[in-house]
């Protein structure tokens, strides 16, 4: 029986990963982290979406200790969330939560170890990403190697979206017939607004630009996505 663990926030990327995983694995376990994020709606949305899609199980872990160390506009009400133009002007935006993916992937691997899952799936990507160093392919591979050494188990970190742009990520959701579901039920917005979001923050801008790009040339984007992912 094939099992996997999806690092799940209830946003566009992790939901698309969950949709694909449900087609590929016998058991799909979601893990969501409460790290004191600015908008608790994220956790509620993640729980609702995983249930609607039919995940095998959904674990929510309290990692609020991260909030004590990682100062970010996603964890502090007194730090404003930058709009897209402000984010573009910074090498690492204030929305970056230092150590977040280090912690999340490590804990997800421990959970995978306990339930006998062969892999951990995460929706990080280098294309159209927000300048976060812990979304890079080299980081994920390096951490995967270190974690496997530490637990003496071969658990694979899988990044289905690593080389897809946002338009192609929308195409992947559409390939599985879930574009409208992802658009209306997920929460990607840094300001905590479900669906199409606030339209001002970097996350909303990338999401909307990707959707527009896909809808403008669906066939070409779909073909490009299939070639990258290896779908027919």
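Cβ from N, Cα, C; glycine included.
The shown structure was predicted, so the numbers you read here are calculated from the model rather than taken from an experiment.
Sequence annotations record features per position, and here Swiss-Prot assigns ATP binding site to 8, 9, 10, 11, 12, 13, 14, 15, 16, 17, 18 based on sequence analysis. Under the heading Zn(2+) binding site, Swiss-Prot lists 189, 198, 201, 204, citing sequence analysis as support.
Features recorded in Swiss-Prot, as mapped to the structure shown.
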residue : record              : DSSP class
8       : ATP binding site    : coil
14      : ATP binding site    : helix
189     : Zn(2+) binding site : coil
198     : Zn(2+) binding site : coil
204     : Zn(2+) binding site : helix
* Asked: Under 8 Å Cβ-Cβ from residue 12 (ATP binding site), six or more apart in the same chain: what's there?
  -> 169, 173, 182, 186, 188, 207
* To do: Take the C-alpha atoms of residue 14 (ATP binding site) and residue 201 (Zn(2+) binding site) and report the distance between them in angstrom, rounded.
  => 19
* To do: Note down the number of other Cβ atoms within 10 Å of the Cβ of residue 8 (ATP binding site), including every protein chain shown.
  => 29
* So around the ATP site, 8, 9, 10, 11, 12, 13, 14, 15, 16, 17, 18 aside, which residues have their CB within 8 A of the centroid of those CB atoms? -> 6, 46, 49, 123, 186
* To do: Spatially speaking, which of the binding-site residues 8, 10, 18 is closest to residue 198 (Zn(2+) binding site)? Use C-alpha to C-alpha, please.
  => 10
* To do: List the same-chain residues at least 6 positions away in sequence whose Cβ sits under 8 Å from the Cβ of residue 10 (ATP binding site), in sequence order, or say none.
  => 32, 42, 43, 45, 46, 47, 48, 49, 50, 186, 187
* Structure fact -> Expressed in Å to no decimal places, the gap between the Cα atoms of residue 201 (Zn(2+) binding site) and residue 16 (ATP binding site) is 21
* To do: Tally every other Cβ atom lying within 10 Å of the Cβ atom of residue 16 (ATP binding site).
  => 26
